[in-house]
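Let me begin by presenting the structure, written as structure tokens, before commenting on it.
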Amino acid sequence: MALELPDWPAWAIRTFLVLVGITTLVALLQRRRAAQGGEKTDLAEVPSGKRLTEFRSFQRQYLVVYTIIMAADWLQGTNMYTLYQSYDVDISTLFVTGFTSSAIFGTIVGMYVDVWGRKMGCIVYLIIEVVVNVFEHFNNFPLLLLGRVLGGVSTSLLFSAFETWMVSEHRKRGFPEGWLSDTFGTASFINGISAIIAGLCAQLVADHLGEIGPFQAAIALTVLALFFVVFWEENYGKPDEDNKGSSTASSAWKAIMSDRKIFLTGLVNSLFEGSMYSFVFMWVPTMMGALKGRPLPTGLVFSSFMTCMSLGGLLFSPSMLLGVASAEKLAVGVFLVAAAALTVPVFSTSLWPVLLSFIVFETCVGIFFPCLGLLRSKVIPDSIQGSVMNIFRVPLNILVVVGTKLTDIYPTQTVFSIIIIWLLLGAAFQVVLVMAMGEKEGEKTTPKKDSEKKA
């Protein structure tokens, strides 16, 4: 029996192959520059020296798990919309329930992750994910709704427990602060690669097992990740105190209200991710409209978008964009370019303009994640990072709920216009953050300059 090739549209295959080619070339260029010793900044340097082997071992320990959990997460994302569509259920209500759950439980989850342990938070996340993916097998709206509630809790854990574990463990082992940028950049690149593979696998699995296939694969990957995480060392937000969740939350709130850099970092993160998750809900119906009845290979297009995310992670690295400008300044450009990209679907419903604009936007996402990850590690104290990050998931999820529900009321062009406003606001607040961080650097350098003058 001859192997049957997937019947995917030529435009989707060509787009994917071109993006893979561009990303491969950039990866080779980035590796060459890194080998030659790329430019360094205060918080970004190419890891080297006698502790390099130890650092790479730790980095692999984290990135292996990160790759698996993100691949499992991406597997679900590719076909969630079409799965619910096949069940003929209220899709927007299910999506909104997940984001509302994350907004409600996010703060509580974050503060207890800092107190009870980041490793424990990772384990709880993995267990919840298995349960959620089992629920997706049933065309039962109340059960699906419960799954979305649990999914909101697990999302809060995904974007707090793993990163805070890595940052805390990095510092506990005494690695240079500048090496964090290498881990964040590599994670963004690998995240994109795992998402590319996940998208292709989701398409193939869905072709053979139906829309539920990707969720079954996600269960297997989640169990695999759990096997690795149980061997991690535990770390906490405040290991020297008997803190309760309420005191951790109080410390986080005080830090947010007293330090405008922490407030602004959380705010710009909420604005960008709120825009991104609204886009996640909108890209499938927007592309379907642009195709005017022609088939949309969601897994393959998703893989193309994730190739762009990998490209963004490569561009962020210390030997590329981060060697030219600081993370906080790069973030301003990311906001502006992302806003410009989303103006295209406001004025056009043609396939290629819309597709190209989405490609640019996803590249911005790939740059933004390591960019803000580095900023968070610099601005937010390690002891309360999980709590602070989850507090700001409240406005993030409010934005997503608003963006998702607006699609039921207004045409997509109007909703994209609103998202553009969020991105422009993010750019404005990011400029203020750059100025605030500049003032801090000025305070540090002024005494040194004065002493030099006296000498």
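Each residue's number is its place along the chain shown, starting with 1.
Backbone N, Cα and C define each Cβ position, glycine as well.
Here is what TrEMBL says about this protein:
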type	residues	note
TRANSMEM	12-29	transmembrane segment
TRANSMEM	63-82	transmembrane segment
TRANSMEM	94-113	transmembrane segment
TRANSMEM	120-135	transmembrane segment
TRANSMEM	141-162	transmembrane segment
TRANSMEM	183-206	transmembrane segment
TRANSMEM	212-232	transmembrane segment
TRANSMEM	262-284	transmembrane segment
TRANSMEM	296-318	transmembrane segment
TRANSMEM	330-348	transmembrane segment
TRANSMEM	354-375	transmembrane segment
TRANSMEM	416-438	transmembrane segment
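Distant neighbours of the transmembrane segment (416-438): 260-261, 264-265, 267-268, 271-272, 274-275, 278-279, 282, 328-329, 331-332, 335-336, 338-339, 342-343, 345-346, 379, 399, 403, 406; these residues of the same chain sit at least 6 beyond its ends, with a Cβ under 8 Å from one of its Cβ atoms. Here the transmembrane segment (262-284) has long-range neighbours at 77, 81-82, 92, 95, 99, 255-256, 296, 298, 305, 331, 334-335, 338, 342, 358, 361, 365, 368, 372, 375-376, 379-380, 388-389, 391-393, 395-400, 403-404, 407, 412, 415-416, 419, 422-423, 425-426, 429-430, 432-433, 436, meaning same-chain residues at least 6 beyond its ends whose C-beta is under 8 angstroms from one of its own. Of the candidate ranges 141-162, 330-348, 354-375, 141-162 has the most C-beta pairs within less than 8 angstroms of the transmembrane segment (94-113). 120-135 is the stretch from 120-135, 330-348, 354-375 with the greatest number of Cβ pairs below 8 Å to the transmembrane segment (63-82).
Counting same-chain residues at least six beyond the ends of the transmembrane segment (141-162), those with a Cβ under 8 angstroms from any Cβ of the stretch are 62, 65-66, 69, 73, 84, 87, 89-90, 93-95, 97-106, 109-110, 113, 118, 121-122, 124-125, 128-129, 131-132, 135, 385-386, 389-390, 393, 397. Highest Cβ pair count under 8 Å relative to the transmembrane segment (212-232), across stretches 120-135, 183-206, 330-348, 354-375: 120-135. Counting only same-chain residues 6+ beyond the ends of the transmembrane segment (183-206), those with a CB under 8 A from a CB of the stretch are 6, 8, 20, 27, 59, 62-63, 66-68, 70-72, 74-75, 78-79, 82, 166, 170, 213-214, 216-217, 297-314, 316-318, 322, 366-367, 369-370, 373-374, 377.
A contact between the transmembrane segment (330-348) and the transmembrane segment (120-135) is absent, since fewer than 3 of their C-beta pairs, 6 or more residues apart, lie under 8 Å.
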